[in-house]
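Student: First the structure, which I've put down as structure tokens, then a few questions once you've had a look.
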Amino acid sequence: MDPFILSFAVVNGLLQGGIYGGIALGLSLIFGVLRVVNFAHGSFLMLSLYLSFWCWNLLGIDPYLSAIVTVPAMFALGYFVQSVIISPLIRRERALVVEPLSALLLTCGVFLVLDNVALMAFGPDVRSVQLSYYLPSLMLGPIPVNIPRLIAALAAILVAVGVSFWLRHSHAGRAIRATAQNRDAAAMSGIDVPKVYAVTFGLGCAILGLFGALISPFIPATPTIGLAFGIKSFIVVVLGGMGSIPGSIIGGLVIGVFEAVASQFVTATSAAIFSLGLFILVLLVRPAGIMGKA
Amino acid sequence: MTVSTIPLDRTAPVGFSKGPALALIVLLLAAGLPLVTQDSFFIHSAIMVLFFAYMATAWNFLCGYVGQLSLGHAMFSGMGGYVSVLLFTTFGLSPWLGMIVGGLAAAALSVVIGYPTFRLKGPYFTLTTIAFAEIVRIWVENTDTFLGFHIKGAEGLVVPMVGESFAAFQFGGKIPYYYIILGMLALAILATLIMERSKLGYCLKAIRGDRDAAEALGISPTRYTLTAFAISAFMTALGGSFYAQFFRYINPERNMGTELSIDMALMSIIGGQGTAFGPLIGALILTPLAEVTRGYLGGTFLGLHLVIYGIVLMLAVLYFPKGVLEPLKNLAVGLFRRRNPA
């Protein structure tokens with residue numbers, strides 16, 4: 001194997017992996033706090049891609065600036081989905097009818113609705129944003145680095161650090177962590193648990209809003225793109241450890257590099273098969289993931 | 001050991017005497033349907049209702065009774081379809097035999113997959129089934145030739161016309177297909193009813209109730225869940241073969257895509273998983289919606305039926321966690337009692 005091609009693959013894999021990790025952050029956060037596997041995760045990303053596209057197409061807003069629109073919009077949507085659709089189920093589960101799969105099914109319903117509403121509204125066409133300026137590739141030695149991807153990957157790390165810091169040091173963050181540890185004890189200490197849940201879900205979706213804007217320069221919006229990213233996020237989160245913020249980034253980097261290097265030996269689609277295989281292997285051997293508590 | 005030590009589900013055997021009679025009447029009515037109308041669209045829709053009822057019943061055979069959610073069953077459907085079509089196009093083997101071969105292959109695959117994965121609980125099991133199904137689908141989509149068989153990747157396979165022939169599973173009109181899928185559905189429901197009252201059924205319910213307690217009683221969860229998984233995969237593969245022969249076309253997206261897996265699961269969940277007739281009720285409620293939007297609204301509202309599926313699924317999870325069969329039954333019993341005060 002040519003060392004140049006290999007290092008090129010590793011650099012690209014790291015960028016791609018950082019983006020995977022950033023997209024998976026919300027899934028991990030929501031699972032960590034609510035214990036809900038959000039099947040609609042990719043659909044929220046798909047919606048933010050569309051939102052970013054329409055901001056650019058109709059209003060002429062630069063895709064990077066469109067984050068000002070997508071982040072609050074996705075926060076509001078997440079807040080709404082949690083407080084209107086998922087919270088009745090959590091209230092019922094408290095009354096001893098514990099059925100962890102119900103939440104998965106419920107979000108599966110959200111996935112069906114969102115994806116197909118997008119299909120009805122926008123049709124199956126592929127829509128991509130064109131940046132009005134040219135971003136030259138950064139040269140890392142002999143290796144060219146794509147700037148939009150670098151921005152998204154760096155943003156993933158910044159967001160992960162920011163969210164971890166916020167969870168650790170802010171009052172709201174402490175409330176979220178307390179609720180994740182023991183929701184009944186948190187409720188008895190005066191924490192408004194339903195609100196914490198809604199804010200967490202909103203935050204998870206707001207992160208997707210940000211990444212929808214950041215990846216729109218190089219990922220075109222289609223109504224069905226959500227599921228692929230959703231499944232990728234499941235892989236990343238399981239690998240890194242469900243509920244772990246740093247685990248999400250590390251899992252993303254591992255998958256990104258793994259796929260990039262594997263696709264030097266086999267086709268890119270077969271590399272996707274390998275990462276699914278890795279996912280199954282991790283679930284069977286170490287379900288807690290790399291950073292999770294075993 | 002005796003199975004009688006396991007507490008029986010009190011809701012299940014109610015109407016044990018009336019049930020079969022009622023089912024027989026419904027079956028006869030369904031068999032008489034083509035005598036009433038021969039409208040092609042109507043018969044086609046009826047075939048789709050029965051097909052999805054059959055697929056949901058096959059899914060329910062495992063998932064409804066063990067209480068695990070598989071969102072990967074479409075891989076068995078695809079396997080059955082591909083094996084029967086390939087055996088037909090390559091060796092001229094009758095699809096009737098080909099679907100059995102496909103079914104056995106799917107059953108073998110289910111054991112290989114099920115053995116390590118059934119230890120996983122709840123969402124973890126679900127995610128694994130999705131991953132396995134995606135592996136199979138991506139592989140088929142990107143493979144042109146495998147062991148000398150022309151799979152043709154994402155393009156799919158067309159079943160060549162050989163003229164009307166029972167052995168080739170090709171008929172002039174749609175009505176023979178209607179009777180075939182009706183028969184398959186009746187057999188699948190019968191198999192579920194037999195399983196419910198057999199040792200396998202009681203053991204599965206015990207495992208669903210409390211896996212550790214069941215194991216302590218000497219029930220091997222692996223053995224019973226794998227048996228049910230193999231039967232469920234076998235039935236699903238037969239359904240996949242039927243689908244391929246009926247449309248004379250098969251491709252990875254339609255025959256082994258996630259959408260099909262979700263359809264199978266949500267129909268039995270909405271109807272009532274863990275009941276013999278729940279999946280049929282679910283398919284009766286949902287499939288006509290899909291057929292009507294497809295038939296009358298055409299391409300203008302692509303995906304509308306899935307939006308409705310999603311909303312119905314959410315409502316069912318929130319308000320009818322056991323499916324609509326039980327509330328419907330209670331309603332019927334209530335109406336009956338009111339009219340004939342005892």
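Positions of Cβ are set from backbone N, Cα and C atoms, glycine also.
Any TrEMBL annotation is an automated prediction that lacks curation.
Sequence annotations record features per position, and here TrEMBL assigns transmembrane segment to B:20-36, B:42-62, B:69-90, B:96-115, B:177-195, B:224-244, B:264-289, B:301-320.
Are these features on the surface or tucked inside, and what touches them?
Tutor: Within the chain, the transmembrane segment (B:42-62) has long-range Cβ neighbours (under 8 A, six or more residues past its boundaries) at 30, 33-34, 68, 70, 73, 77, 173-175, 177-178, 181-182, 184-185, 188-189, 191-192, 195, 225, 228-229, 231-233, 235-236, 238-239, 242-243, 246, 260, 263-265, 267-268, 271, 273-276, 278-280, 282-284, 286-288, 290-292, 295.
Panel annotation: around the transmembrane segment (B:224-244), residues 51, 54-55, 57-59, 61-63, 65-66, 68, 73, 76-85, 95, 98-100, 102-111, 114-115, 118, 157, 159, 177, 180-181, 184, 188, 191, 195, 200, 203-204, 207, 250, 255-256, 264 of the same chain, lying at least six beyond its termini, place a Cβ under 8 Å from a Cβ of the stretch.
Here the transmembrane segment (B:301-320) has Cβ contacts under 8 Å with residues 259, 263, 266, 269-270, 285-286, 289-290, 293-294, 326-327 of the same chain, all six or more residues outside its ends.
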Student: With the transmembrane segment (B:177-195) as the reference, find which of B:20-36, B:69-90, B:96-115, B:264-289 contributes the most Cβ pairs under 8 Å.
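Tutor: The stretch with the most contacts is B:20-36.
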